[in-house]
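**Student:** Provided herewith is a single structure, encoded as structure tokens, for subsequent inquiry.
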Amino acid sequence: MAISSSQPSRFLSLFTILVLCFSLCVAEIRFSEIRSDDRSIIPFDEFGFTHTGRLELNVSHISLSNPNPELDLSQVGFFLSTRDSWIHVLQQIQDLDITCALQSDLVKVVYTFDRLKGAKSFDSMFPENEANQFTLVFANCLQQLQISMDVRSAMYNLDGKSGRRDYLSAGVTILPRVYFLFFLVYFCLAGLWIYVLYKKRLTVFRIHFFMLAVVILKALNLLCEAEDKSYIKRTGSAHGWDVLFYIFSFLKGITLFTLIVLIGTGWSFLKPYLQDKEKKVLMIVIPLQVVANIAQVVIDETGPYAQDWITWKQVFLLVDVVCCCAVLFPIVWSIKNLREAARTDGKAAVNLMKLTLFRQYYIVVICYIYFTRVVVYALVTITSYRYLWTSVVAGELATLAFYVFTGYKFRPEAHNPYFVIDDEEEEAAAEALKLEDEFEL
Ligand SMILES: *[C@@H]1O[C@H](CO)[C@@H](O)[C@H](O)[C@H]1NC(C)=O
């Protein structure tokens with residue numbers, strides 16, 4: 001009758017762990033269409049409630065594949081569950097204490113379909129006064145029963161003083177302000193960079209203008225994200241700001257990865273052209289960024305209820321990892337070339353400086369990638385739902401540090417290839433290079 005064998009429940013635990021790890025809850029008014037679905041568990045949004053939380057659930061066009069009135073429809077319905085209690089519910093099911101998650105006393109049942117009494121829709125309002133992070137889940141414990149329905153759900157907290165609705169989860173409700181603050185920082189950075197470009201206009205390369213474009217796109221992206229989140233916070237939907245946000249994310253993603261590759265190849269610092277293999281890296285990274293951005297849009301807009309949500313998550317992670325690895329190759333090639341050049345062209349000091357710079361850059365790119373991909377994910381999983389914004393701040397700070405480092409190290413003057421070096425320095429550098437050859441590789 002219900003999920004009792006260990007196979008499906010193992011699948012279930014895996015599934016929910018995946019869902020829980022990857023969802024940064026930003027609930028909003030969400031409309032989901034479920035069509036002839038026989039999954040026993042469908043997770044909807046996750047939301048961090050305060051003591052004045054509410055869940056509005058309006059379900060319409062309900063139709064069951066088997067309209068037999070004998071069916072025990074109390075085995076079908078919606079409930080709210082925290083992550084911790086979900087683990088225990090799975091344990092209860094495995095131990096055969098219960099046969100359906102809806103029977104557990106650890107979950108909060110919102111609505112079971114036996115209350116429908118033949119109706120095709122229901123509206124329900126569920127007050128949630130326990131401050132915690134809950135996931136709205138649909139359970140269908142009847143085997144071979146397919147369900148179609150339109151689900152409109154909204155979760156929000158009422159603001160203490162004004163009583164206004166706040167559609168952002170408890171831990172991320174200050175995000176609009178955080179994003180706006182970072183927007184201001186990047187706005188100032190862009191201004192500063194324009195000033196530097198103007199002051200050093202004689203030693204400016206084309207790549208410096210490209211860097212300016214990257215900073216401006218990053219600033220605009222943050223501004224749209226701030227607007228997007230603040231509209232969601234107030235009204236439960238983004239009012240089109242999400243489209244702008246996706247456009248700028250997309251442009252920012254492409255330009256940032258291109259910039260890392262271009263700097264890595266030494267384009268316009270070391271040489272005015274790109275080699276074939278370097279162009280190939282760009283030709284891999286740019287389309288992959290397109291795919292990554294499409295995946296991101298699908299993930300954000302559908303939510304975990306969609307059947308192939310997990311697939312899109314995996315596509316996104318895979319593509320992201322490939323992009324991150326690909327951008328490292330040009331830097332490694334440059335380091336190798338500089339090392340060889342140092343040995344042959346007799347300008348050891350200049351080459352050693354460049355070599356050190358590119359090595360530092362390599363390490364910083366790795367740290368940046370590691371921090372924003374791994375550490376931030378880890379933070380999301382270990383921090384309490386109330387402090388989820390801290391992982392966003394950590395990620396943004398790391399990104400900011402990366403931008404500042406790149407701008408500072410590759411600023412217009414430092415790479416003037418014609419700077420003068422006296423013989424002593426040259427000899428010392430040649431020595432250093434020789435030493436290095438003995439130790440490395
Ligand atoms: C649900 O229905 C009620 C009354 O019909 C309405 O006031 C409310 O806005 C609806 N909620 C959602 C999330 O659609």
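A Cβ is built for glycine as well, from the same backbone N, Cα and C atoms used for every other residue.
Please treat TrEMBL annotations as automatic predictions, because they have not gone through curation.
Note that the structure is a prediction, hence the values are computed from the model and not measured.
Here TrEMBL flags 1-27 as signal peptide. Residues annotated as domain 'CAND6/7 N-terminal' in TrEMBL: 33-157. Annotated domain 'GOST seven transmembrane' per TrEMBL: 176-416, in sequence order. The feature transmembrane segment is assigned by TrEMBL to 178-198, 205-223, 243-269, 311-333, 361-380, 386-405.
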**Student:** Over the domain 'CAND6/7 N-terminal' (33-157), work out the mean pLDDT and round it to an integer.
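**Tutor:** Mean pLDDT for the domain 'CAND6/7 N-terminal' (33-157): 91.
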**Student:** For the transmembrane segment (243-269), find every same-chain residue at least 6 residues outside the stretch whose CB is under 8 Å from a CB in it, and list them.
**Tutor:** 205-207, 210-211, 213-214, 217-218, 220-221, 224-225, 227-228, 275, 278, 281-282, 285-286, 289-290, 292-293, 296-297, 323, 326-331, 333-334, 337, 354, 358, 361, 365, 406, 410, 415
**Student:** Please count the residues of the domain 'CAND6/7 N-terminal' (33-157) that DSSP assigns to helix (H, G, I), strand (E, B) and coil.
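**Tutor:** The domain 'CAND6/7 N-terminal' (33-157) comes out at 22 helix, 62 strand, 41 coil.
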